[in-house]
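> Could you have a look at this structure, given as structure tokens, before my questions?
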Amino acid sequence: MLKIVLLGAPGSGKGTQSEKLVAEFGVPQISTGDLLRSAVSNQTELGKKAKSAMDAGELVSDDIVVGMIRERLAEDDTENGFILDGFPRSLDQAKALDSLLDEMNRPLQGVVHIKVDNEEIVQRLMARGRSDDNEETIRNRLKVYQDQTQPLVKFYEDKGLLTAVAGVGEIDDIYARIKAALPAG
Ligand SMILES: Nc1ncnc2c1ncn2[C@@H]1O[C@H](COP(=O)(O)OP(=O)(O)O)[C@@H](O)[C@H]1O
Ligand SMILES: [Mg+2]
């Protein structure tokens, strides 16, 4: 059983580290960014609504992402847990997640905060070069992260759920730190 949130700036390595956790623990990674990008490329109604916010590096509306998470968590493969990547991204989303997990009687076990400093983040995102990774969007996403997502550090700290790990160095070394930070049970 592993029910965790990976918290960290865009480009902090949440996706990379999730893949390794998925392989080892056999629970799915749930990435709102990946779900949204797939909705955009499939040109669904939801994708059409989300696209402009994504292109601008803004947050997509809560009703869209919370609805997506609600549906995804209802699927059978989350029976043994989940790794949330890129959600929650604001206090409102964190509170929505709390009540959702309450409803389902599946409380969160822990939150791992992958810490990488801003300069390194900008370098990584510029190198990644996804369509929502141009310089202006990157700058805006970092601002959105600082304003809206960073407050989650305190929110989860206050709940006694947060562990921070250094997100720099070799991927395998970071993974070892994350494993050491995982909640027991
Ligand atoms: N929880 C969320 N709430 C609102 N918007 C989101 C959320 N997750 C992803 N998005 C949208 O999708 C974009 C890409 O997200 P993501 O793939 O998680 O980026 P990264 O992995 O670089 O942090 C975000 O900039 C945002 O527009
Ligand atoms: Mg990601």
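Glycine is treated like the rest: Cβ placed from N, Cα and C.
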> Looking at 31-60, 121-150, which stretch does TrEMBL describe as region 'NMP'?
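Spelled out, TrEMBL records region 'NMP' over residues 31-60, not the other listed ranges.
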> Please list residues from the chain of ARG89 (AMP binding site) whose Cβ is under 8 angstroms from its Cβ, counting only those at least six apart in sequence.
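ARG89 (AMP binding site) has long-range Cβ partners THR32, LEU59, VAL65, TYR145, GLN148, THR149, LEU152.
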> Between ARG128 (ATP binding site) and VAL60 (AMP binding site), how many Å separate their Cα atoms?
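Computed Cα spacing between ARG128 (ATP binding site) and VAL60 (AMP binding site) is 21 Å.
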